[in-house]
Amino acid sequence: MLNTLLVVGFGGFIGAILRMLSINLVNKFFPYSISFGTLFVNVLGSFIIGLLFSYAQNKGLSPLLKSFISTGFLGAFTTFSTFSYQNLLLLQSGNYLHFALNIILNVFLCLFAAWLGFLIFK
């Protein structure tokens, strides 16, 4: 159990740092009211989790590595709370078009990315 806690914590440490760097970098190039940085990490994380579980189903993966990547790294790299807060701000500002677009893009692109990732090792 201690090993699992340590690998999840280490994965979270790496994921949180990469999330911050990725969001800042993407938003620097796409400075719009929709946070494309958040969209980027959520889509990429969805793709990676699709890859991970497809690979694990077909080829096997150690429980520690699976915990490191899924719960640790991806748990910290992707962010639903930030997505929710950004949508709240869009609603409060009356920017309903960007509010709807942000939700649609995040939900459908993340689902599509997870499906694509899963197909790779199927």
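In case you wondered, yes, glycine gets a Cβ from its N, Cα and C as well.
Record features, source Swiss-Prot:
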- 6-26: transmembrane segment (TRANSMEM)
- 33-53: transmembrane segment (TRANSMEM)
- 60-80: transmembrane segment (TRANSMEM)
- Gly75, Thr78: Na(+) binding site (BINDING)
- 101-121: transmembrane segment (TRANSMEM)
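For Thr78 (Na(+) binding site), the number of other Cβ atoms no farther than 10 Å from its own Cβ, over all displayed protein chains, is 21. Tertiary proximity for the transmembrane segment (60-80) is limited to same-chain residues at least six positions away from its ends with a CB under 8 Å from its CB atoms, namely 3-4, 7-16, 18-19, 22, 38, 41-42, 44-46, 48-49, 52-53. With a threshold of 8 Å between CB atoms, the same-chain residues lying at least 6 positions outside the transmembrane segment (33-53) that come near it are 19, 22-27, 61, 66, 69-70, 74, 77-80, 82-83, 86, 90, 93, 95, 98, 101-102, 105-106, 109-111, 113-121. Neighbours of Gly75 (Na(+) binding site), defined as other CB atoms within 10 A of its CB across all chains, total 17.
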